[in-house]
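Novice: Sharing a structure with you now.
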Amino acid sequence: MSRNIHDEVKFGFLPAKESEREYGLWDFIFVQTAFGIAAWCFLVGGYTGMVLDAKGSVATILMGNAFPVFLITPIAIYFARYGIDTFIGFRSALGYRGSDLFFALFAILNLGWMTIACFMLGQAAAKISGILGLGEFLSARETGAPLFAIIFFFLAFYIAYKGPTAIKWFVRIGVPSIIIILTGLMIMVIFVEGLDSLLARQPAEPYESQARSLATALEWNAGLGFSWLPYIGIWARLAKSENIAYSGAFLGLGVILNIAAVFGAFTALIVYFTDPTDWMVAIGGPVVGLIGLILLITGNFASAVVLMYSQAISFKTQFPDKKWIIAISTTLPSIILMLSPTFYDKYNVFLSFIGYSMAVIGGIMIADYFFVKKQQVSVRDLYNRKGKYTYWKGFNPASIVSTILSSIFYWSIYNPVADVATPVFNYLSASIPTFFVAGLIHYVAAKYVFRLDRDIYDVVNHSVRKEA
């Protein structure tokens, strides 16, 4: 492991000092935008445009993305205040072992994000192969796309293994690339197609009712909005102030990212494709499409590298005695998901599952930090695995009860795997109300049922008075 990586792992584990917090507001917004605008934004917009018209798509994307981010962004204050990593900070609400389980969930879901990014890279490379006439094997979606996806994965793996210096270089290329794509193609879509024509277009694959289309599209977008929960702490600890962490996270993840999603919806309404690797060629033609595909590869490749590196660093902060190669190798299982388009084509199901899981954890975290603990947390005990956040055998019973009951609530009104919904879903959706259900149950259980926080508080105060 290089010295740079060693220093970053140490920095990631310990609370960030004031002198180490380098992000002002615009820097923070730029980082969120750089990480967030990638395959996932275009795809969720494309799915939305397949079931809703232009006005409905814009409203649903804004509500579905921005509102969940608004709900979970206050947690940025927690991480900015204490300068701690996500999986250290979550110990206060989930317990030491509970936070370990949350890291395992994060690692599994992160494999899904890497698969989405890499398979889109593979599809873009396969499209380029088709334009250049390199043969059916390399240009076919079933053969060429998985092959190129795995090749890009190992290239990203190597760069992530080399550490932060190489990553910063690729991010500097990736962000302008995505901006170029958005600017050029947005102009092309609006001025070539015409705004009136765009607003008049109808979706290609709506559900049986407008209410169901709205609720389902809202659920997809809410999944993306809630998905940023574990990443907020990673960046918020580097903000120069709590206000910067809060405002920067919301503006970057809850506002600017919507531009890419809205663009994806508009293009889906025009060409009836959800995937940018399809509509770039359909809208721009072979030449412009080829340039767009190359830029798309660059931007998503940078995101794939950042995802790998983030997972490896988080693994090292959880298990500092493990070698760096083991930490980075935790990303290898995603290759299995790249062998066929199956997982990629189920992106909407993946988003719904993320919306469910992160809504539950997000509701618990917000309720615990702001309403149960009233923003009073012992940093010393966060790092002492035998400290007061042991709760019951390393788990917080309140968070366990909340997780179980809110999960029952979610799955009783919507099954994202089978895409089966009850009538209630058409009016409420699922993940957003689940956030409130999880938060309320956790608050009641922690404050009035188990009361472990009060017991711990009383024990600590008694010990202090006794020592005095």
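Each position is counted from 1, following the chain as shown.
Using the three backbone atoms N, Cα and C, a Cβ is placed for every residue, glycine included.
Heads up, here are the entries from TrEMBL:
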- 25-47: transmembrane segment (TRANSMEM)
- 59-80: transmembrane segment (TRANSMEM)
- 101-124: transmembrane segment (TRANSMEM)
- 144-161: transmembrane segment (TRANSMEM)
- 173-192: transmembrane segment (TRANSMEM)
- 220-238: transmembrane segment (TRANSMEM)
- 250-273: transmembrane segment (TRANSMEM)
- 279-312: transmembrane segment (TRANSMEM)
- 324-344: transmembrane segment (TRANSMEM)
- 350-371: transmembrane segment (TRANSMEM)
- 391-413: transmembrane segment (TRANSMEM)
- 425-445: transmembrane segment (TRANSMEM)
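Could you give the neighbours, burial and distances for every feature on this list?
Specialist: Cβ atoms under 8 Å from those of the transmembrane segment (59-80) belong to residues 44-45, 48, 52, 86, 89, 214, 217-222, 224-226, 228-229, 232-233, 236-237, 239, 241-242, 244-246, 249-250, 253-255, 257-258, 261-262, 265, 355, 358-359, 362, 365-366, 369-370, 375, 377, 431-432, 435 of the same chain, restricted to positions at least 6 beyond its ends.
Residues 114-115, 118-119, 121-123, 125-126, 129, 137-138, 167, 170, 297, 301, 304-305, 308-309, 312, 324-325, 328, 331-332, 334-335, 338-341 of the same chain lie 6 or more positions beyond the ends of the transmembrane segment (144-161) yet place their CB under 8 Å from a CB of it.
Long-range contacts of the transmembrane segment (220-238) within the same chain, counting only residues at least 6 positions beyond its ends with a Cβ under 8 Å from a Cβ of the stretch, are 15-16, 20-23, 28, 31-32, 35-36, 40-41, 44, 47-48, 60-61, 63-69, 72-73, 75-80, 82-87, 89-90, 102, 106, 109, 245, 249, 253-254, 257, 261, 310, 314, 348, 350-356, 358-359, 361-362, 365, 429, 431-432, 435.
Outside the transmembrane segment (350-371), and at least 6 residues removed from its termini, the chain residues within Cβ reach (under 8 Å) are 40, 44, 68, 71-72, 74-75, 78, 90, 92-94, 102, 105, 109, 112, 116, 219-220, 222-227, 229-230, 343, 377, 398-399, 402-403, 406-407, 410-411, 414, 416-417, 430-432, 434-440, 442-443, 446-447.
Tertiary proximity for the transmembrane segment (425-445) is limited to same-chain residues at least six positions away from its ends with a CB under 8 Å from its CB atoms, namely 67-68, 71, 93, 209, 211-212, 214-215, 218-219, 222-223, 226, 352, 355-356, 358-364, 366-368, 371-372, 397-399, 401-403, 405-406, 409-410, 413-414, 416.
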Novice: Using a Cβ cut-off of under 8 Å, list the residues of the same chain at least 6 residues beyond the transmembrane segment (391-413) that approach it.
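Specialist: Beyond its ends, the transmembrane segment (391-413) has Cβ neighbours at 93-98, 100, 356, 359-361, 363-364, 368, 372, 421-422, 424-425, 428, 430-431, 433-434, 437-439, 441-442, 445-446, 449-450, 452.
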Novice: For the transmembrane segment (250-273), find every same-chain residue at least 6 residues outside the stretch whose CB is under 8 Å from a CB in it, and list them.
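Specialist: Non-local partners: 28-33, 36-37, 41-50, 52-54, 57-58, 61-62, 65-66, 69-70, 73, 178, 182, 185-186, 189-190, 193, 198, 201-204, 221, 224-225, 228, 232, 279, 282-283.
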Novice: Sort out the residues at least 6 away from either end of the transmembrane segment (25-47), same chain, that have Cβ-Cβ distances under 8 Å to it, and list them.
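Specialist: Distal contacts: 57, 61, 113, 116-117, 120, 171, 174-175, 178, 182, 217, 220-221, 223-224, 227-228, 231, 235, 238-239, 244-245, 247-249, 251-253, 256-257, 259-268, 273-276, 279, 299-300, 302-303, 306, 347-348, 351.
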